[in-house]
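What Swiss-Prot records for this protein:
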- GLU175, ASP217: Mg(2+) 1 binding site (BINDING)
- ASP217, ASP219: Mg(2+) 2 binding site (BINDING)
- 169-243: domain 'Toprim' (DOMAIN)
Amino acid sequence: MDLGTTKYIIYTELIADGYVEKHDVIGAIFGQTEGLLSNELDLRDLQKSGRIGRIDVELENINGKSFAKITLPSSLDKVETSILAATLETIDRVGPCFATVKITEVEDIRVSKRQYITNRARSILRKLMDEMIDTYEITEEIKESLRTEEIMEYGPENLPCGPNIIHSDSIIVVEGRADVLNLLRCGIKNTVAVEGTSVPKSIMELTKKKTTTAFTDGDRGGELILKELLQTCDIDYVARAPYGKEVEGTSKKELMKCLRAKVPVEQIVGNNCNGSGVIESNTPKEIVEPITPKHFEKVETPAVIEPVFKEDAIEEETIIVEPVKKAETEIIDVDATNETQSEKKFSGVKEIVDSIKNTGNVKFVVDGTEKTNTFKEFLTNIHEIKKMDFFAADMPISQKIVDLLYDKTPIIVGKEINVTKKPVNLRLFSFDEIVA
């Protein structure tokens, strides 16, 4: 149905007592209403002038009776449409059959249009609201783009840094690019990132020329980077992010608070110094004590073991505040000395190594008690084990195993040792070193 300028639709039902056809119904509508009203409301004239639309009839013949649904579009006003609807109910015959006509509804088509307009306007407005960017977001977006543009690169390593890194008298050394960006958001532009735990040479040289603050994450990784910086760079102040947080995820208020609370490096050294020019790590005190497992106490005499392990504890648990090469040389010398005494000190380990060889199992000592498991079972229960006196595995010792166990045991023995970085408080031995 083409509604066009239609305002109302008249819905009508017709029941005829006999068989009639559609053209009989149309003829009855025009024939029986003709002359009832003035010429202004004559159906034929109204249809010719377009003030009423095409009359639509749906007809069914059931058990000798005819049922019709009639729709008549009207663009007349309310009064004229009501009169026209009432006129249709005067039809009492269709062809030769008696008939009854009843108006079921007069629909104001403009109501449905208004409802459509309301619903559509609501959806359009919602879309506009979703796409609209408020002033704050526009401002932040512009600032963010400027900060990203402000990130520069320093040195041959192309390290991310702030724009004031060259001209500022003081600098802040952070871990990565995200840290530099977060500090730029807070208006701090004299930052540079080391991009990893290995400190680039350009950072080492830069810290000698400028007042340097090391600003690291408040987690284990931050501690390791800080130790590396203290070993290799000329650090003046130390600042840490809140415990468990990273610099890149810290709010402006917290960042400024952490930087204001920075402490001189001498205070860090003083709090952790043993009086011989070395800085001890922040590991628990029990790790600094002699690390001889209880399992081996009966094998070795106290007079021989005690001085050897005290020396190891000092050398292995500390960070030398000297150039890296010298520190590495000193640690290697201690290990070499230990290797010459390995047969004497670890005679009891041979039995453990022999017991797990070619089995794929692991053996560890907890409170003087030996336990044997498959490696899978050991990993399942690792969270229940806080401290071990000793750990041996019939498999190569990888960096992952070292990272998992370095804070649980002082000694790890395996088929072979394949690690790139060894914690200073950990002793690593291969089967060949133990059996030799």
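From the backbone N, Cα and C atoms, a Cβ is placed for every residue, glycine too.
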Note = Same-chain residues at least 6 apart in sequence with Cβ under 8 Å of the Cβ of GLU175 (Mg(2+) 1 binding site), in sequence order, are ALA193, VAL194, GLU195, GLY196, THR216, ASP217, GLY221, GLY222, ILE225, VAL247
Query = Within the domain 'Toprim' (169-243), how many residues are helix, strand or coil going by DSSP?
reply = 31 helix, 18 strand, 26 coil
Ask   = Which one of these binding-site residues has the most other Cβ atoms within 10 Å of its own Cβ: ASP217, ASP219?
value = ASP217
